[in-house]
Structure formats: C-alpha cells, structure tokens
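One structure is given below, encoded as structure tokens.
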Amino acid sequence: MFKLLFAFTVLILSSNASVQDFCVADLKGPESPAGYSCKSVTKVTVNDFVFSGLSAAGNTSNIIKASVSPAFAAQFPGLNGLGLSAARLDLAPGGVVPFHTHPGASEVLLVVQGSITAAFVSSANTVYLKTIKKGELMVFPQGLLHFQVNAVGFNSVAYVFFSSSNPGLQITDFALFANDLSTKLVEATTFLDEAQIKKLKGVLGGTG
C-alpha cells in the first residue's frame, strides 16, 4: 500500500512539474483559436500582469451611446491562456448594447454606477429580464443572445467578466445590416420590409 501511494505521489509531482505557471501573450505573433503563443519567460515583467485600461470612462458619442473597453489577451497579455478576461461598460442616458452573443465565453455583469436593464434569451426563446442596480450581478450563459440598456437618466457603468481570454463578439444588428448581403435575402430571412432594411443598412453602413 505504501509503495502504491509513493508511486502515485511521484506521478502527481511529475505531472505538475511539466505545467507552465503562465503563458503571457506574444503579441508580435498571430492569434489562433487557442490564443497567442507564449512570450519568452525571460522577457516577462510584472507589467504583463497589470492593466489600467478600465480606469477611464469610454467614449459614448456614437449611435448606441455606449462604450465597451476590453481587457482581453490582446490588451492584457498576462490573461493569455488563463480562461478569463474583463471589460468596462459605459452607458450614457439612452445607451444600449444591442442583442449580441459571445460564442467563446459566459459573462458576468457587475453594475458599479446607475442601473442597467439586461436580459438573455434561452434556446427555448424564454426571456430572462431584470433591471440590475449598483452592486448587483447578472450572468449570461455562453453563446446566448443578450443585451444591456441604461435604465436611468445619467451614465451607468458596469464591469464585465468573461470565462475566456478572448470571448468573441457578434452583434445581431450589425450581422444583419452592416454587411453586403442583398436586401432581398435579408427581407426573406427576417420578414422585415424592404424600406426598413434599406434604412437600417444606411444607418449601420451596409450595402446590397
């Protein structure tokens, strides 16, 4: 019994010895679905593990009156390979993050200022809707459509945390109306009328 336990302990120690402590992103190389390649450990500094980019408010002077400031592996190299990331969400009065999805991660939203009405839609088309106040959190399961809307007449701020260092993003409105897909095909697949589609394409920069 003792020999068996000893052999098992040696096996565990040997296994752990081969695991890297971290894999700081080498941003000079290409990004793959698995992330970035590792920077040489000799070139890693403490600054690779510290990021201050979420301390300042983002620019909300845009069509959605919102700003998302990311802290993904591309901005925060120390996150590479760790399976997590963050972002700052700023919503001006009337601001909205339209229906979108993160194919690579689940999301947790923490409101730190104001209130945000948020929802996600399950694959059974059930809507889970709630107005989240300062100090409250809401989770959005991976891959499901969701949105956030400012619920007050002043700026709302939230921090968002993801279960991937590169969660991915696809905004439904932009996917439909900011491309060169023909108006006729969009009309056939969305049941919207031609005039409305052309209007949205004009607003979002689409053609066709």
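Placed from the backbone N, Cα and C atoms, the Cβ positions cover glycine too.
Residues or ranges marked as signal peptide by TrEMBL: 1-17. Taken from TrEMBL, the feature disulfide bond covers CYS23-CYS38. The domain 'Cupin type-1' annotation in TrEMBL covers 52-198. The Mn(2+) binding site feature in TrEMBL is assigned to HIS100, HIS102, GLU107, HIS146. Residues annotated as oxalate binding site in TrEMBL: HIS102, GLU107.
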Distance [Cα-Cα, Å, rounded] between HIS146 (Mn(2+) binding site) and CYS38 (disulfide bond): 33
Cβ neighbours of CYS38 (disulfide bond) where a neighbour is any other Cβ within 10 Å: 17
DSSP-derived helix, strand and coil totals, residue by residue, for the domain 'Cupin type-1' (52-198): 22 helix, 58 strand, 67 coil
Sequence-distant neighbours of HIS102 (Mn(2+) binding site) in its chain (C-beta under 8 A, six or more apart): PHE140, GLN142, GLY143, PHE162, SER164, PRO167, GLY168, LEU169
Site of maximum Cβ density within 10 Å, from binding-site residues HIS100, HIS146: HIS146
Rounded Cα-Cα span from GLU107 (Mn(2+) binding site) to CYS23 (disulfide bond), Å: 23
Surrounding CB atoms that lie within 10 Å of the CB of GLU107 (Mn(2+) binding site), all protein chains: 23
CYS23 (disulfide bond) CB neighbourhood, other CB atoms within 10 A: 22
Pairwise CA distance, GLU107 (Mn(2+) binding site) versus CYS38 (disulfide bond), rounded so that it is a whole Å: 25
